[in-house]
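Comments concern the structure below.
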């Protein structure tokens, strides 16, 4: 049923598209900057190794000197959607209230007026159905973006995301590609209670075939969204509810960020701190205290939750020999547990201390603000962990 509906939608979209519209691969006039800076650091034994990291903050600073414009994070996501929908008539958006209401956090505001109700499609409150419709649309050649009004609601679409979205390319023997983006708000911090404060990274990471990324700044939110839309793989983009109103100057020119590269946030020598999403800011707050105490932490926003950028992570570990992982995900079965396992498998010989991992408590998120804060990692805990690991 989902495939049949998608076929009708595809026919309507392609019929409405301009005859002069160019396919994605044929765009000689587009100037797209793929940001991927490389620099050298000293590893154990004095050898020089190359560190590949997407340095969004450095590039954004450089761009700010020559122009650019300030946007909030949710506006950066919207810019990415508009640019990709203008360029490619197969890009479409599905979800609850994504149309004229503009989405629960206004990421899709104005898109229905610009592109019509067919390409920006309001759906019933039936996550399993519209996720399946998105998979069917992708099978028929469209590039759907499926918004969950809240990431916790996508548990109702877990069957479609797991058995169809993630596995169809494999189970069809490569006959189908599933270029779909699944995105939406999640995370802890707005006193929304247990159901609305879900962190589904731990649920989705075990699904074969899915890529997962988490944005943390307006710059990388736009760059990752554009890259996810262009990917031939199904991509889950995690957005944190407390980061939507972050403001940053981003370039006027078009750019994308690599889906599989981490970002070097702060170079350092004493310990590698790996984090992502909202916890990036807790880590940077802790880093100020640590510097005053004489420590020099290296902070990496891993961004790619699946697969991990083990090149960037490994080069940092070879320099600092100590690792602290900070996440908002649950401790049991979380991203931190998988990352710790990958580090042990690949870089055990470079470690001078046990890997430490700070995660959220394995409890449902409370409503009360004080209790909510107690369930997630705070900057003081990060400072204490670094002091312990560097003894």
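Every residue, even glycine, has its Cβ placed from backbone N, Cα and C.
Annotated features in Swiss-Prot:
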TRANSIT   1-35  transit peptide
BINDING   127  thiamine diphosphate binding site
BINDING   180, 228, 229, 233  K(+) binding site
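Using a 10 Å Cβ-Cβ cutoff, residue 180 (K(+) binding site) registers 29 neighbours. Surrounding the centroid of the Cβ atoms of 180, 228, 229, 233, where the record places K(+), the chain contributes additional residues within 8 Å, namely 143, 145, 179, 181, 211, 230, 231, 232, 234, 235. Proximity of residue 127 (thiamine diphosphate binding site) to non-local residues of its own chain (separation of 6 or more, Cβ distance below 8 Å) is seen for 148, 153, 154, 156, 157, given in sequence order. Listed in sequence order, 80, 81, 84, 88, 91, 143, 145, 179, 181 are the same-chain residues six or more apart from residue 229 (K(+) binding site) with CB atoms under 8 A from its CB. Secondary structure at residue 180 (K(+) binding site), taken from DSSP and collapsed to helix, strand or coil, is coil. Proximity of residue 228 (K(+) binding site) to non-local residues of its own chain (separation of 6 or more, Cβ distance below 8 Å) is seen for 181, 183, 211, 213, 235, 237, 259, given in sequence order.
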